[in-house]
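Sharing a structure below in structure tokens format, with a few things to ask.
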Amino acid sequence: MNTSPGAPTGVRAFVDSQPIGRRQRIIVLMVFLIMVADGMDITLASHLFPPVIRDWGVPVSAVTLVVSLGVVAMAIGALVSGPVADRWGRKGVTVVGFVLFCLATAGLGLTGDIHSFAALRIISCFGLGAVMPVALTIVADWMPKARRAQMVSIAFAGVGVGSIIGAYLAAAVIPTLGWQVMVLIAGLAPLIILPFFVALVPEPAIISVRRGIPEARIRSALALVAPDRDIAGVDLTRAGLTLGAGEVRAKALFAEILCRPLLGVTLLIWGVFFVVQGSGLLVLQYMPMLLQAPAPGLSTVESGLIVAMYGWGALIGQLTIAFILKRFDRFIALAAFIFWSVVGLLIVAAFGTGFGFFGYFTLLFAIGLSLPATAAAMQSVTTLAYEEEFRATGMGSAGFAGRLGTLTYGALGGTLIGAGFGITTVSLVLAAPLAVSIGLVFSLRALSRRAGIAPEPHQITPGNEVDDAHVST
């Protein structure tokens with residue numbers, strides 16, 4: 001690609017033309033570590049509330065309300081953070097959200113009643129909800145289109161690592177030191193990441209151009225990503241942001257993702273996120289209880305080992321799909337992983353009460369390979385659906401839909417178990433909307449192709465990045 005002053009290149013075309021370098025790998029690593037903190041919170045929260053109920057003598061209904069308010073706060077955080085990040089920058093939103101999450105989580109260990117506990121938990125969840133979509137958007141903004149889906153999925157795999165670490169941390173700390181020490185560790189330890197993130201992760205160049213940041217600072221950021229390339233010919237004026245159909249118009253950012261040709265795409269993304277994240281939450285949150293029910297009647301230790309194996313399956317599946325997305329149609333890969341999840345759940349529904357420990361051990365590992373990986377794939381699908389100018393808004397709105405899914409499925413799981421239904425019925429109820437979501441994925445594929453949105457990563461070659469980005473030079 002010519003980067004001489006006589007042939008100006010748009011920012012996106014310049015990033016797309018670069019192979020992934022050392023600084024981009026560092027960016028992925030930093031966001032991966034932030035996702036680890038997110039995954040730790042998911043697991044630790046499930047271990048946190050039983051001792052809170054025991055120590056303070058609060059009713060289960062009060063804790064249920066705290067959990068529900070926390071999920072709502074996550075959803076609002078995701079929804080609000082996207083437009084703010086699109087207008088004022090990704091990096092600052094990520095840092096503020098992460099600090100809120102860490103400090104509020106650590107503060108839980110200093111509370112003495114359910115009211116102050118609930119207030120801090122809501123703040124913590126708001127920060128956490130804001131961080132995930134914006135941090136993943138930073139990864140997407142700095143990656144070439146051909147590798148964007150893969151790198152976003154690898155960064156998201158940190159959630160799986162965090163869930164495993166959280167489970168072991170809870171098992172080691174709570175029985176000996178108490179839940180207060182556990183939340184102090186979970187809140188303060190991730191802050192170690194922050195100075196490295198601030199120092200090593202530059203603000204995405206395209207957002208800096210939109211904000212009118214001095215060109216010298218933007219060129220410095222581009223030089224970090226592509227130290228061996230001449231960046232003098234990169235167009236850092238607003239004219240260089242014109243990405244064809246993705247050009248931002250003078251209207252609200254939410255209107256951008258809800259107008260044609262993106263309306264149908266956005267609604268389908270919301271639908272799949274709702275089902276996928278809700279299903280994953282229900283399995284993680286209620287599987288120990290279902291396994292310890294009279295049928296199948298497993299012990300606490302056995303159910304714990306099975307859920308841990310589900311976590312390992314999740315990690316392997318998320319890393320696996322990251323490399324699959326580099327080579328194959330992302331929609332086909334996503335549909336295949338959802339289908340595998342449906343098959344596993346239907347096997348449990350059909351023969352669940354007849355399985356012993358090893359049967360569930362194997363099945364839950366298999367479901368872990370597929371179901372959590374669909375969430376990673378959806379993050380990648382979403383980053384490729386939206387241009388940089390409103391990508392964080394699209395990611396945040398998808399995160400909002402996913403959090404609403406976790407809230408709905410959490411209530412559904414509690415209702416089913418409270419009504420006396422066991423693992424076979426719950427698995428069948430889970431399988432049905434997942435099967436429907438396969439149809440949503442293929443509809444999303446058709447709409448995306450019709451609208452000419454984000455060609456498949458494997459279709460992009462080094463000679464056609466500029467054309468794919470629709471950059472005017």
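Just so it is clear, glycine is given a Cβ too, placed from its N, Cα and C backbone atoms.
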Quick check on GLU387 and GLY82: does Swiss-Prot annotate them with the same topological domain, i.e. the same side of the membrane?
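Yes, Swiss-Prot places GLY82 and GLU387 on the same side of the membrane.
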Is it the case that the transmembrane segment (305-325) and the transmembrane segment (422-444) touch, counting contact as three or more CB pairs under 8 Å in which the residues of each pair are 6 or more positions apart?
no
Quick one: find which recorded stretch in 60-80, 122-142, 154-174, 264-284, 422-444 has the most Cβ pairs under 8 Å with the transmembrane segment (355-375).
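If we count Cβ pairs closer than 8 Å to the transmembrane segment (355-375), 264-284 scores highest.
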Establish whether the number of Cβ pairs under 8 Å between the transmembrane segment (264-284) and the transmembrane segment (399-418) reaches at least three, counting only pairs separated by 6 or more residues.
yes
Could you name the stretch, out of 60-80, 154-174, 181-201, 331-351, 422-444, with the greatest number of CB pairs under 8 A to the transmembrane segment (92-112)?
181-201
Using a cut-off of under 8 Å between C-beta atoms, tell me which stretch among 26-46, 181-201, 399-418, 422-444 contacts the transmembrane segment (154-174) the most.
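Answer is 26-46, with the largest number of Cβ pairs below 8 Å.
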Where among 26-46, 181-201, 399-418 do we find the most Cβ pairs under 8 Å to the transmembrane segment (60-80)?
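It is 399-418 that shares the most Cβ pairs under 8 Å with the transmembrane segment (60-80).
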